[in-house]
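Novice: First, the structure itself, so that you have it in front of you.
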């Protein structure tokens with residue numbers, strides 16, 4: 001395996017909460033894929049804090065992944081084209097769809113992701129690799145995720161809506177962090 005790139009991102013959960021308030025919840029609809037959105041709504045129904053933490057970790061993972069593959073948030077990397085789902089073991093995995101999946105497959109790029117959150121912050125780290133070892137984790141395509149999901153006796157992931165290209169400077173409605181005197 002050869003490291004293609006690494007990416008990390010940290011998100012202040014209160015900033016995500018502020019964006020959710022300002023957008024009347026549309027921020028979640030904009031950045032989460034269909035399977036992530038289903039999990040978000042289930043967690044949000046149990047606890048607003050759990051839903052918010054889930055949204056913050058997934059936003060962080062998408063940012064870290066976009067850095068690891070060297071594209072930032074521009075085509076073919078879009079918010080909804082990448083989802084962070086969980087294997088039956090609970091281990092997170094990235095699942096690409098559409099043009100992003102094709103772009104990754106054409107380059108032989110696979111990825112490993114780790115996410116963590118505490119009350120105030122969510123953090124993600126992604127290693128993108130090329131050259132597949134037998135049994136190594138990978139950035140799954142939508143079809144691969146469907147097979148894994150069926151194994152868990154859950155509904156098959158739906159194909160996301162047509163991806164819309166985003167400019168390289170687009171971070172949807174996330175305000176800049178306040179300046180500090182450090």
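Residue positions begin at 1 at the first shown residue.
The backbone N, Cα and C atoms fix where each Cβ goes, glycine too.
Fair warning: this is a prediction, and the values are worked out from it, not measured in the lab.
Below are the features I grabbed from TrEMBL:
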{"type": "BINDING", "residues": "9, 63", "note": "Mg(2+) binding site"}
{"type": "COMPBIAS", "residues": "136-165", "note": "compositional bias 'Low complexity'"}
{"type": "COMPBIAS", "residues": "173-182", "note": "compositional bias 'Pro residues'"}
{"type": "DOMAIN", "residues": "5-104", "note": "domain '4'-phosphopantetheinyl transferase'"}
{"type": "REGION", "residues": "132-182", "note": "region 'Disordered'"}
Novice: With DSSP, how much of the domain '4'-phosphopantetheinyl transferase' (5-104) is helix, how much strand and how much coil, in residues?
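Specialist: DSSP composition of the domain '4'-phosphopantetheinyl transferase' (5-104): 60 helix, 18 strand, 22 coil.
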Novice: Rank the binding-site residues 9, 63 by the number of other Cβ atoms within 10 Å of each Cβ and report the first-ranked residue.
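Specialist: Compared across 9, 63, the most Cβ atoms within 10 Å surround 63.
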Novice: What average pLDDT does the predicted model assign to the domain '4'-phosphopantetheinyl transferase' (5-104)?
Specialist: 93
